[in-house]
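Peer 1: Can you read through this structure? Questions will come right after.
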Amino acid sequence: MRNADAEIVIRVRGLVTRFGPQVVHDGLDLDVRRGEILGIVGGSGTGKSVLLREIVGLMRPAAGQIEMLGTDVQQATEAERAMLESRIGVMFQDGALFSSLTVRENVEVPMRAVPGLDPATRAALADLKISLAGLPYLAGDKYPSELSGGMRKRAGLARALARDPEIVFLDEPTAGLDPIGASAFDRLIHRLSRAMGLTVFLVTHDLDTLHAVCDRVAVLAERRVLVTGTMQEMLDVDHPWVHDYFHGPRARAALATAGKE
Amino acid sequence: MTDAAAEIDTVATEPALILRIRGRLTLAEMAGAGARLRAVAADRPVTLDLSRLLRLDTAGAWAIVTLRARLAAEGHALRIEHAAPEVESLLVAVEAALPRAESEPRPRRSLPDRLDALGRRVAGAGHTGAEMLGIFGLFLARLGRSLVHPREFRLTALVHHCEEVGFRAVPIVALMAFLIGVVLAFQGAVQLRQFGAEVFVVDLIAISILRELGILLTSIIVAGRTASAFTAAIGSMKMREEIDAMRTLGLDPAAMLFVPRILALLLMLPILGLIANVAGLFGGGLMAWLTLDISPGMFLTRLVDGTDVENVMVGLVKAPAFAVIIGVVGCHAGMKVGSNAESLGRQTSSAVVAAIFAVIVADAVFSVFFAQVGI
């Protein structure tokens with residue numbers, strides 16, 4: 001049924017990214033396996049969000065190959081791109097909801113591309129996605145400007161999940177949320193990814209999120225993916241930045257809370 | 001494995017109706033198999049056989065769960081057989097998240113509601129007028145204050161806005177007035193030639209441009225250019241909470257933002273009006289020379305003899321009033337911008353419309369006034 005490397009849904013090889021004279025990625029390799037939640041961490045300016053944008057095809061790298069779901073992202077034809085886009089979902093940092101549409105209409109936008117779907121079914125499925133993302137039923141009628149930051153993120157997630165993608169990309173999903181809201185969002189991501197069999201590509205700074213939901217962590221440093229592995233393996237890496245990151249006071253606090261749960 | 005569309009086999013056995021789903025039940029199938037599944041009519045308990053199901057997503061799970069809910073409401077049970085563990089857990093998750101329809105139907109708008117809405121809009125218009133008057137008062141108060149405390153006055157900002165509002169508008173204003181002069185001369189010539197009164201085209205051009213068109217059209221162009229720029233600049237600062245930040249830092253938004261902008265308009269609009277007058281007369285004179293053989297010297301003599309300088313005064317005295325209207329409307333709309341980009345766009349376009357409208361209304365009021373006092 002499946003060939004051997006179908007297990008890897010995103011394969012990045014030899015990625016080079018430059019902004020003028022500044023080199024962000026230099027020979028970056030990364031594999032994302034089907035069904036896992038992969039956390040991408042790294043200092044500010046190490047190109048985490050840039051990597052995300054390159055994988056989903058919003059930016060072109062200077063060199064290197066990106067393969068997603070068996071398709072070369074950069075060589076893809078229009079039809080292949082459309083096919084690919086229907087199989088992925090992206091949640092941007094502040095939700096990036098269309099401000100002139102209600103939350104329900106926002107979630108319906110990706111579903112409009114599905115042929116033959118009648119408006120009533122579409123609205124009902126949008127309501128289901130809104131509810132799955134943990135928003136109250138009546139939030140569907142609201143406009144993005146009427147929602148709090150946390151609710152906007154949930155609405156953004158609902159839109160990213162609208163077409164039941166195989167891979168979702170989340171850019172700093174818990175940034176700017178209060179700790180209760182952030183941990184609720186962590187549980188939501190975990191629950192959804194397990195229930196829907198999602199692969200999650202998660203860019204984050206939040207150590208609690210890493211502990212709570214990520215199966216594997218990839219550390220971006222020195223213009224490449226320095227190490228990948230589970231949280232436990234990260235603790236044993238003796239690269240100075242990685243060590244500081246996972247052994248700093250905040251990391252220990254996050255580890256302590258994760259241990260208690 | 002094929003991308004087989006989902007098929008539903010229906011087998012009616014004695015105790016139960018057996019539905020067997022083959023293929024993938026996903027969002028793409030909702031128009032076909034999903035709709036058929038949800039529309040299944042049953043007169044006995046139903047068993048759903050998922051042993052041949054290839055893939056299920058939340059849309060498919062939703063179809064199954066809503067079918068189960070409907071059958072339960074009709075008094076028939078739905079039993080799911082041979083579901084894989086992940087299918088099972090997806091069904092559970094979707095069932096738990098199924099939104100309960102708690103929305104009440106939208107209330108219909110009755111006649112009193114409509115009257116109420118109309119009344120509110122009228123009251124709102126009055127309120128908006130009062131707010132604009134408030135901004136004008138604030139401008140005067142802060143201007144007076146900076147006369148007492150000259151050090152607080154933001155001269156750099158004033159010069160910057162004078163350049164933006166005045167200097168950069170010179171080409172478009174001059175070109176517009178030149179073309180208006182050309183058109184007036186041409187049209188006037190066609191009409192006046194019938195009476196052999198071609199030479200009066202000079203009076204026609206001079207009076208219409210100096211009294212009315214020069215300053216009115218300049219103000220309309222400036223309203224379009226500058227009211228929108230004021231609204232966009234102040235509105236985007238409002239949107240990003242910069243104005244709140246100014247308040248908390250003890251900086252007065254009125255003194256920082258309104259005074260330099262409105263004052264720049266107040267200084268620049270008369271100058272632009274004068275430029276428009278000159279350009280309009282030049283255009284008219286050129287056209288008169290080309291089509292009516294009225295030489296520039298003759299044009300000038302006729303202009304000086306036949307047109308009182310009062311006409312220029314009547315025109316330019318309106319400029320400060322128009323400047324205040326444009327500036328106040330632009331600043332007011334900027335302060336009305338909410339927290340989203342859409343309101344910025346809406347306020348910007350409404351500022352332009354309101355400023356142009358208000359300028360034309362004010363011009364009409366001036367005309368009536370001058371007619372009454374006999375100037």
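Each residue's number is its place along the chain shown, starting with 1.
Glycine is treated like the rest: Cβ placed from N, Cα and C.
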Peer 1: Among B:194-215, B:216-237, find the range that TrEMBL records as transmembrane segment.
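Peer 2: In TrEMBL, the transmembrane segment feature sits at B:216-237.
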Peer 1: Could you tell me what the rest of the chain brings near the transmembrane segment (B:262-292), counting residues at least six beyond its ends with Cβ under 8 Å?
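Peer 2: For the transmembrane segment (B:262-292), the far contacts come to 139, 143, 158, 161-162, 164-166, 169-170, 173-182, 184-186, 189, 193, 198, 201-202, 205-206, 209-210, 213-215, 217-219, 222, 226, 299-300, 303, 312, 315-316, 319-320, 322-324, 326-328, 331.
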Peer 1: Can you say which of B:165-185, B:216-237, B:352-373 has the most Cβ pairs under 8 Å with the transmembrane segment (B:312-331)?
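Peer 2: It is B:216-237 that shares the most Cβ pairs under 8 Å with the transmembrane segment (B:312-331).
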Peer 1: Averaged over the domain 'STAS' (B:6-91), what pLDDT does the predicted model reach?
Peer 2: 82
